[in-house]
Amino acid sequence: MTEQTVSAPLWPAPFAQAPVDATVAVPGSKSVTNRGLVLAALAADTGVLRRPLRSRDTLLMADALRALGVHVEEGVGSDGTGEFWRVIPAALRGPATADVGNAGTVMRFLPPLAALADGPVRLDGDPRSYERPLHGVIDALRVLGARIDDGCRGALPMTVHGTGSLAGGAVEIDASASSQFVSALLLSGPRFNQGVEVRHVGASLPSMPHIRMTIDMLRKAGAQVDAPEDGGEPDVWRVTPGALLGRDLVVEPDLSNAQPFLAAALITGGRVTVPDWPEHTTQPGDALRRIFTEMGGSCVLDEHGLTFTGSGRIHGIDVDLSDVGELTPGIAAVAALADSESVLRGVGHLRLHETDRLAALTKEINGLGGQVTETEDGLRIRPRPLHGGVFHTYDDHRLATAAALLGLVTEGVKVEDIATTGKTLPGFDGMWAGMLGTDGVNGTSGGSRIEESA
Ligand SMILES: O=C(O)C1=C[C@@H](OP(=O)(O)O)[C@@H](O)[C@H](O)C1
Ligand SMILES: C=C(OP(=O)(O)O)C(=O)O
């Protein structure tokens, strides 16, 4: 978290005049889209992603794959099935350069793929990407046979000197900083000569549902994966070398991006339906059904989707979020509005996300009158009456959506750089106005005015 010195646009967060009552269609999952792109690029034949997420993180992945010689064509189905991306794999080429932005999925999933290119691949990104942990991927790739020039930093920017193939084999890593280290190695594993065996040797491992998502998608693309949950050794995954199939994949809505809308129902005592909520999923956002129910609402999953209804009461919660860390900012915002204290545990690694999320949430919620303290592995949140003010967002999409939530029930909240939501949810401000019925349809325009900060 660095202080923001440049003036950034301020977005007056719309204040809810009444409980929300809306249906909100949420675009595709970032995590599924970027895994789908990588697996399709490594496949033996053409694949299609239907309803992919079109956001900064996924466009960066598509562009990086194009730089490596893969064809990613964008189209719109004539049969009402919406947008699709056709991925035509090709021999991976170097020299190439790729911008990873501040996308964890791109900066971690791309290096193993780059090691399969037939020349050097230079990876660079936003200043924050230099600070985000990448050593687990870099060190592992070296053990597996890759040559990487990272100036001994264990971080970006770096060049992966691809030679057209990688030996692969067994490797130990400490993935306590990010589950994406494990996912990255497994995703490209089928294309390594000996496949890959990844053994996690660190103290903890966050975001297990995301590792399950990796395994599930690998298997659906034809890979053979041995995982701990199938009776294998704890913290060891094995991927057998072999060809991957091009799939026709319909991307589920991003359930973590559904969070602010469901939370809006919870904190206003209203109701929000998210269509196409999957009955079974590996997405961590599915845990919102349990977490937000415990915090005071109720939900029904039926043919309309997931309908979440607030009760008018918001309860504090004591919860371990290590499996679902990316939900923390939204849960923290709701907790700041609750009728009792909350303790959010197991998320120390969020200090190395888009920003230091624990420091940023503490500072910004307290700036509106809240009482949040950092613990070693999370946050303690004592609800206090909040007041308006500027909420800084530190280039973090989930800070921005958390701020919008606080502004929904607190007059005068101004959110810095709402456009940062474009990392995973472009057009968030318009969707928020649509949920409130203030998107111009009924004559008001709460969500679109922008001011310059001092
Ligand atoms: O693999 C993925 O798609 C993700 C894994 C998680 O990363 P960490 O394990 O680094 O928290 C999550 O926070 C991120 O938003 C997406
Ligand atoms: C941590 C996140 O993203 P990334 O994929 O950049 O790690 C997130 O989306 O909350």
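Cβ coordinates come from backbone N, Cα and C, glycine included.
Whatever TrEMBL says is automated annotation, not expert-curated.
These figures come from a predicted structure and were not determined experimentally.
Secondary structure from DSSP puts GLU326 (active site, proton acceptor) in a helix. Other Cβ atoms within 10 Å of the Cβ of GLU326 (active site, proton acceptor), summed over all protein chains shown, number 26. Taken from TrEMBL, the feature active site, proton acceptor applies to GLU326.
Counting only same-chain residues at least 6 apart in sequence, those with a Cβ under 8 Å from the Cβ of ARG35 (3-phosphoshikimate binding site) are THR105, PHE109, SER183, LEU187, MET213, THR214, MET217. Feature annotation from TrEMBL assigns 3-phosphoshikimate binding site to LYS30, SER31, ARG35, SER178, SER179, GLN180, SER207, GLU326, HIS353.
Counting only residues at least six positions away in the same chain, the Cβ atoms of GLY104, THR105, ARG108, PHE109, SER207, HIS210 sit under 8 Å from the Cβ of GLN180 (phosphoenolpyruvate binding site). Among the features that TrEMBL reports, phosphoenolpyruvate binding site is placed at LYS30, GLY104, ARG132, GLN180, ARG357, ARG398, LYS423.
Residues annotated as domain 'Enolpyruvate transferase' in TrEMBL: 17-429.
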Please find which two of LYS30, GLY104, ARG132, GLN180, ARG357, ARG398, LYS423 have the most distant C-alpha atoms, given that the record lists them as binding phosphoenolpyruvate, and give only that distance in angstrom, rounded to a whole number.
19
So which one is it: of the binding-site residues SER179, SER207, which has the fewest other Cβ atoms within 10 Å?
SER207
May I ask which of the recorded positions ARG132, GLU326, ARG398, LYS423 is closest to HIS353 (3-phosphoshikimate binding site) if we compare their C-alpha atoms?
ARG132
Whole-number answer please: how many Å between the C-alpha atoms of ARG398 (phosphoenolpyruvate binding site) and LYS30 (3-phosphoshikimate binding site)?
13
Anything from the binding-site residues GLY104, ARG132, SER207, HIS353, ARG398, LYS423 with its Cβ under 6 A from ligand 2? List those in sequence order.
GLY104, HIS353, ARG398
Identify, among the binding-site residues LYS30, ARG357, ARG398, LYS423, the residue whose Cβ has the fewest other Cβ atoms within 10 Å in this structure.
LYS423
